[in-house]
Amino acid sequence: MRERKETAMSDKEKKGAGAGAQVAPAMGPPVLINKEDIPAVLPILPLRNSVFFPGGVLPLAVGRQKTIALIKDAVRDEQVIGVVTQRRAEEEDPGAADLYTVGTVARVVKLLKMGEDNYSLVVQGLARFKVLELVQESPYLKARIEAVEDRSVVDDVEVEALAINLKKLAREVIELMPELPAAATELVESITHPGHLADLIAANVDVPIEEKQQVLETVELKARMKLVLELLNRKREILKLSNKIDSAVKGEMSKTQREYYLRQQLKAIKEELGELGEEEEELDELQERLKKAGLPPEVEKVAQKELNRLKSIPTASSEYTVARTYLDWIADLPWTKRTDDNLDIENARQILDTDHYGLDKIKKRILEYLAVRKLKNDMRGPILCFVGPPGVGKTSLGQSIARATGRKFVRLSLGGVRDEAEIRGHRRTYVGALPGRIIQSMKKAATVNPVMMLDEIDKLGADFRGDPSAALLEVLDPEQNHAFSDHYLDLSYDLSKVMFIGTANLLDPIPGPLKDRMEILELPGYTFEEKVHIAQNHLIPKQLREHGLSADAIAISEKALIKIIMAYTREAGVRNLERRIADVCRAIAVEVASGKIGASAKRSIEEADVLEILGPEKFYNETAERTEIAGVATGLAWTAAGGDILFIEATKMPGKGALTLTGQLGDVMKESAQAALSYLRSKSDSLGIPVNFLEKTDLHIHFPAGAIPKDGPSAGVTILTALVSLLTGIRVRSDVAMTGEVTLRGLVLPVGGIKEKVLAAHRAGIKRIIIPARNEKDLLDVPEQARKELEFVFAAHMDEVLQAALEENPVGRKPPAAPEPEGEKKPGATPTPPAKKPDEIRV
């Protein structure tokens, strides 16, 4: 426990005397002890934050076990002790190196027990001594000492002059300190021994411990008095200047300034007493952090102004917490710290290839950036946006880019964000205000040039609180983001060195201005072969590690893997594929844990094992079954998951020419169906369909998966093909899928999402795909492996579509002859039975 020092003065005399204040017990010379009465070995009492002089009286509170044992022995044996100041006050168990070499012989004149392990005592200084060596460390310190005797002539003229000057200076200092009582002057005047006078003044003047110790170590009287004169003179000048400043400031001091002044005085007193509070230490630490943060000049000016204001605010005030938190944010943000880019192109290529299979266009763009960055050091960070279905590796690709460039990676999820303040932050006037997510992410990154991923940027919302996508315009604008302004900081922050990467499943929901600021890079769905490669080289090893299985524990055959991909997943990415592989790993883990197979045994997974572990197949190729009757065609649709096949069913029934559409269709798709029907009616004669087929017939077109909304013009050719198949009785080929917009003249117009639609058809086992002729160029984006396994028909007119899609070309067929009315039959003619109509087939 730390010893606590007080003074031996009365309450009035204590005020303003400072730490470790000591007074003489009498007016005459100090209490002396004969040199021969001082033992050669003394118990040593270490003293903190004070220097004890001969002739002084000092009360102490002790609690350390070593000190208590020392005091008890000294009182019992009526022996003197040695009081020596510690070099470092925080040292709890000082040794020889932690103590000064000159101390004061003292006698314990009073001892009181204050508690179980606390004592209060009063010691009286007798003489100086010098520590020669420590001879004992337990149970307390003992040292071999040498008494130091001052043999100076007291009645020397120079000594007398020095004493007069000392008393004069002491009176001036006391007058400059009105808080001291008048008795202080009387005490100084009453002391006649010059050595005692010098020691008393040195003990009570407010100077550093090191300078007081220097006075104690100065044995020769004249030198000691001159040293004290120098200390006292410096103290007088400081007090004069302080009083002058006080007089100038107090005249215009407001309540806040007065409070600041008092707190500064309190801080100085606490420092002198060794009781500096945590708040002051924290503020000093905060100031040091701000110095090391490398702040720009304008930011440093604001921070210093706020810090000065903080020092004048009471710690109990809520404003103190607000200002302190604000400065913490400024100190914690990276202003100049950056990570060096790894510009090794081959190393970056190797990292990207190791982490991701395929995605050549994305990898090429990243390597281009690194190449330009290598040639031009001050290049701004690119702003990319990866658009693709779930599970194709958009987020993990951002992590790989950070690893390849050697930068920090931070991810900012924007899904569901509707408040503009989430991006820009709240102003400090609000309770609990914080910076926006951009600044929070920069603090987390701790560098000015991280890779920052803006995940799910297409799922930003907007409401009465503002539009977050509009706030992102400044963030993602290379011409503005060097001075991004967060509402909380209210300072310019440079984001120009950040590499921003956005991710989205859909491009359409992203506002135009925001889309314009980003370089769009589309990630296609994986082909069948790519999924097999990814599973074998990435997913299976990863799941084996996560399930505690050795690399040789499972051998999933390629046939089994194909079965999992074809029968249990139907996706553009590989997320569900990874889940199914995890299911297999868990099944093997159960067998290993239950002892059915050895931990080192290798388990082979075949197709039959897949069925046993994963259960019934969830997906199967149904195009042949669905299109085995006339009136059903297979279309291609674009979805957020990357693309899918879409069956369109048409049927007819007796009626008056009504057209019914079902399947949660949007207006555009309904209009496409109406346009297809109009074209069919205009060309019915050339397709072998009766001209008046709608007079007594109703048509119903249905799009299965009725719970899912559908819209868009690209189903036009599929609707028309299904209607032609229905009305002619010619089936659509089961291995054909199609997409395209149809006009009233039968032209096939280009549509979007070709890459996703082609990959969806490839996954579903389609062999022939009919697409608009003007979409031929879009096949360059389709992976080469998929292009090789598919047959493409590029159609510019519906005649080409029908010729490629139907099992028999209906173009040019003649419609069946209409039967003669019964009333016009010739007498005696034999009635001919009507031929079987092809449109009698029902779905």
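Note that Cβ sites are derived from N, Cα and C of the backbone, with glycine treated the same way.
The following features are taken from Swiss-Prot:
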- Ser714: active site (ACT_SITE)
- Lys757: active site (ACT_SITE)
- Gly388, Pro389, Pro390, Gly391, Val392, Gly393, Lys394, Thr395: ATP binding site (BINDING)
- 1-16: compositional bias 'Basic and acidic residues' (COMPBIAS)
- 42-236: domain 'Lon N-terminal' (DOMAIN)
- 627-808: domain 'Lon proteolytic' (DOMAIN)
- 1-22: region 'Disordered' (REGION)
- 805-843: region 'Disordered' (REGION)
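For the recorded site, Lys757 (active site), the DSSP three-state label reads helix. Considering other CB atoms within 10 Å as the measure, the emptiest surroundings among the binding-site residues Gly388, Pro390, Gly391, Gly393 are those of Pro390.
It is Thr395, among the recorded positions Thr395, Ser714, whose Cβ has the fewest other Cβ atoms within 10 Å in the structure shown. Cα spacing between Lys757 (active site) and Gly388 (ATP binding site): 13 Å, rounded to the nearest whole number. A Cβ within 8 Å of the Cβ centre of Gly388, Pro389, Pro390, Gly391, Val392, Gly393, Lys394, Thr395, the residues given for ATP, is found for these other residues of the same chain: Phe386, Thr503, Asn505, Leu523, Ala572, Gly573, Arg575. The Cβ of Lys394 (ATP binding site) lies under 8 Å from the Cβ of Phe386, Gly388, Thr503, Leu523, each of these being in the same chain and 6 or more residues away along the sequence.
In the three-state DSSP scheme, Lys394 (ATP binding site) is classed as helix. Minimal Cβ crowding within 10 Å, among the recorded positions Pro389, Val392, Lys757, is found at Pro389. The CA atom of Gly391 (ATP binding site) is located 26 Å away from the CA atom of Ser714 (active site).
Using CA atoms as reference points, the binding-site residues Pro389, Val392, Gly393, Thr395 were checked against Ser714 (active site), and the closest is Pro389. DSSP classifies Ser714 (active site) as coil under the three-state reduction.
Predicted-model confidence for the domain 'Lon proteolytic' (627-808) is 90, expressed as mean pLDDT.
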